[in-house]
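What follows is one structure encoded as structure tokens, with my remarks underneath.
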């Protein structure tokens, strides 16, 4: 009896990986030679950070994302740690704040200036002291502002609230002391209410981080887990590890029953670690091999067979670590759905790799870009600690549909949150055309100005600068604040230009329709 594979339609069947040209790579970067199993790279739309070799202590580089080509050998570093840096992560809600952890048992939070670095940064914004041994992992909470998780070789996971005035914090808000060995991996579900961990004792655990309790625990003997990952809202976990015969292995689990995996598959006999990366917008899963040049990618489905193999990106250059660009930093005009930054220490090179859906049209492809997580938090730190759960705020990646960039902290994110909530209430699957989004905002601004004019006496004048009261939002005092305000105004000008262009196109269309109408009536 012959086997006929079932046909499965998918928008991502023909996704391919495209490596950047030499001039768009980052060359002469002294990538760390540390053997710790981490990404060693963190990326956002403004910067790329990479852990580097450093004599005495630990350091990492922060390079502006557009500064490609050869790196100056004397380029300034962020070098405040006394031991090797083991992990770095950008704040998901502020592109100018990064966290790092080290062998010196500390976690440090750094402010990165908007302009090019001119000298080494040695003093952190905040220092977190609590672990007794080296700290190997850090993770920001996906929806709550200023909540950071750290995991150390003292077998403890600590939860830190950074929304405090102290620069040195020695007491975490919660300590999770449920592991019997070193935690190798941490992953949150979509709203951050659950935490999945992989431990060196070969067990996967699902925890309630606020209660500190273990909800599920896997003790499956034939899969030695290294990395674990929540698959968005699919109620499933994905793990990578090794089999009894030391083959590299992947497994899929039901998060409510970790007794037996739903799926188990051996990949190859290589010894390098496998990093799993999940894109919840497209339901695509990427498996990146450390020590080889391959990136396998799959599509996840809620029904069997759950895991559908798509393709494999192959390269002869082995990667030591990998960085991932957030969705808001992708080139949507090129149908780019994901972008990796591959660390190649043998050539001191960082190579961007774009995952592209081949399309002939150059217009915005709405079907491959659903609403994605915004750069604004859904909750404050205290709200989350008090037990509130909220999914991430969502924005469209359509050019000109609203600010999707992460704003500096002194800027108010409220208008963006209002427009996001408004867009979610529409019947178009949470999306609105730009013109319709602008109208409520314009009406609201007009109403606010009318109210202000009514309240003020005739002889008094209010000082407004770019739509903001300068007494509520004072003028910038430092060079950094001035630059941030300048970039913000540039973004506003760009948005207004796009709006004007769209209105011009509409006017031309209306004129054309009128002409057609006149010619039709004239012929009769």
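Placed from the backbone N, Cα and C atoms, the Cβ positions cover glycine too.
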400-420, 421-441, 442-462, 463-483 - the range that TrEMBL marks as region 'Disordered': 421-441
DSSP helix/strand/coil residue counts for the domain 'DUF1899' (5-69): 3 helix, 24 strand, 38 coil
Tertiary contacts of the repeat 'WD' (128-170) (same chain, 6+ residues out, Cβ under 8 Å): 36, 38, 83, 86-93, 99-109, 176-177, 179-188, 190-192, 195, 197, 209, 373, 377-385, 390-392
